[in-house]
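Below: the structure, in structure tokens.
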């Protein structure tokens, strides 16, 4: 009688389905969580702090043109991403750096890496400046606290927030772990919008109408493109406004929670250029600490935010968004010149160059004023001071009449 091997036991199909569900369900949940984290990280990086400066950009451009520029820049940014995807498909690459390296060689790769490093690095510096200026006003509202106390000064706040919050959060190796942090930042941004809306209703009747409020376009429109001009909206409110003080706290917290995303980008650029994309745990900590320490030291030496963001916008943002994606696509694509993508690329490239050159000239020759804590005239209804206003005679007359009405 011949030997018969034991036949494999095939479990019922229902058991297989149950086991497959047990194995695949955690993977599906993990994928969903990572996608949600990516969404919140993107939202946080886009609107986290920049939304506060949007009204000033509108003022610079003229409100009607500012609205048009907002939609136009949004479309151009979206189109640039599409060009990068198409360029990656044409070149067989899957990252911005590898696309530029394949298209323009090592010099192009090096230039892109410098821009990719500088843009978030300068943003980190600006976030530190915003944190120091904003939270110092918050702590000054605490009863019994001396406004001259060094522990509520901008320098101490910058160092403290860096050591306690931004440095530990920036040490994460996986950006998906910042998803919950970005969610909190997004919620705080929503609260800020609610506070601003409430103050529009309550303060609106007491603020004089600007003569050029509805002018279609203004000479500084070029600075309103991208991240080239910044004005802190909270500087328009009084320091003794407790609701706005809470809004300032939310704004400072939002900036602190957005900081690690920018640090992640700068560290990735350094890792790709010098370490082939892989960092050991020790080098990960060292490079993160060096980047954050450098940004902190620079932010302690600079207290004028306007010129920092203007130069960052014209020298880094414009090439990254307008020029380089268009140049890569034009060189790689074999579509006819009349193709819509090529026509749009041919428009974006020179426009980006003009924005870069003109914006740089305007930033150097006509820098923004750097003022801190200057109270608006309507914050002193009983103690009007001419030193708080620099306007024309007609505007001054209007403001005086409003102040007189508000005292009764």
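The backbone N, Cα and C atoms fix where each Cβ goes, glycine too.
Copied over from TrEMBL, here are the features:
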- 37-57: transmembrane segment (TRANSMEM)
- 38-230: domain 'Amino acid transporter transmembrane' (DOMAIN)
- 63-85: transmembrane segment (TRANSMEM)
- 106-130: transmembrane segment (TRANSMEM)
- 150-169: transmembrane segment (TRANSMEM)
- 181-201: transmembrane segment (TRANSMEM)
- 233-363: domain 'Amino acid transporter transmembrane' (DOMAIN)
- 282-302: transmembrane segment (TRANSMEM)
- 314-332: transmembrane segment (TRANSMEM)
- 347-366: transmembrane segment (TRANSMEM)
Cβ-Cβ under 8 Å with the transmembrane segment (63-85): same-chain residues at least 6 beyond its ends: 54, 57, 96, 99, 213-218, 221, 224-226, 321-322, 325-326, 328-329, 341, 344-345, 348
Can you work out which residues elsewhere in the same chain, 6+ from the ends of the transmembrane segment (150-169), have a Cβ less than 8 Å from its Cβ atoms? 128-129, 131-133, 135-136, 139-140, 142, 178, 181, 256-257, 259-260, 263, 288-289, 292, 296, 299-300, 303
Could you break down the residues of the domain 'Amino acid transporter transmembrane' (233-363) into DSSP helix, strand and coil, giving a count for each? 110 helix, 0 strand, 21 coil
Using a cut-off of under 8 Å between C-beta atoms, tell me which stretch among 106-130, 181-201, 314-332 contacts the transmembrane segment (282-302) the most. 106-130
